[in-house]
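Lifted from TrEMBL, the feature list:
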| type | residues | note |
| --- | --- | --- |
| ACT_SITE | Glu126 | active site, nucleophile |
| ACT_SITE | Glu130 | active site, proton donor |
| DOMAIN | 20-240 | domain 'GH16' |
| CARBOHYD | Asn134 | N-linked glycosylation site |
| SIGNAL | 1-18 | signal peptide |
Amino acid sequence: MKIVLLLCTTLVISVAQASKFWDDFYVNFGDWNVNYRNDNADNGNIVVNLGLDNTSGSGFRSKYPFLYGHIGMKLKLVGGNSAGTVTSYYFCEILIVFSIRSITRLITTLSGAGLQLASVFEKWCELDFEFLGNVSGEPYILQTNVFAEGKGDREQRIYLWLDPTEDYHYYGILWNQNLILFMVDDVVIRVFHNSKDLGIPYLEYQPMYVYSSIWNGEQWATRGGADKTDWSLQPFIASYKDFDVDSCAVHSEGNDKDDSHRCYNKLYSSWYGGADAGKLTNKQIDDLKRIQYNYVIYDYCTDAERFDETPKECSRNWPQSYPA
């Protein structure tokens, strides 16, 4: 299952309420596997269920991209045996989506359901949350990744310290000129600092759409593809609610630099672009240390088989480099 998060005038969006959710988002594939309802127990906010069966996955996408800000939602993942499924939530600059997650996976996943094309541009930006399904009783794995100007290969995987199938939990990002935070509830699980001074590209000029989707990734998702999807358990359902966006939406098409300039102006006058938001708090440093030592099961920064030298940004993106 994959839940995917991915330009005139500038618009600031707060919370996408039930009455206007479909004004801001639309179903981009697998519409027969998408349903939604108003949650009377939660002030009538909309709940969107994305389904995966052996014909297709499903997903939705924002109608316009965002540049900087605080963006998140609450998710409840597929319970029980979810092996082979990928639930993703990501941000990407691509305008065109089918069911293909990336060109590099096109051949290997063409027979699967719910594929997404991440980008057709040579240098694109993307921020990923990917929840890798499991067999019953095993913990979910959350994989995050950062693409800046077409360069990715920055995967990190952690075990979650909570059961994401029993209740809704918040997953979001804070993105400003200095750093990008990945958050689960109020816990920072990852930081990506602006390291342009080290020659590392940063996500600073490409507005990104929000994507959510669920799809079949049984070729690789669970134990490297050893555990396949049990289709006798279909449909697999991932549920979303409380879409929270405090950002700058870009509605113009083409390269309207004035639109982006308005977003930069908002950034520097907003709380998320302020001095306090541009650096880690003591609690966030402690959170990152706890995640690193207790929950990380894969980190590209320590993968000597993939990289002859440790990527330059790694020294900044874990808290050891920060004073106590």
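Cβ atoms are placed via backbone N, Cα and C, with glycine included.
A TrEMBL annotation is a machine prediction, not a hand-curated record.
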Review point. Any idea what the model's mean pLDDT is for the domain 'GH16' (20-240)?
Key: 83
Revision key, fill the gap. Across every protein chain in view, the count of C-beta atoms other than its own within 10 A of the C-beta of Glu130 (active site, proton donor) is 23
Review point. The residue listed as 'active site, nucleophile' has how many other Cβ neighbours within 10 Å of its own Cβ?
Key: 25
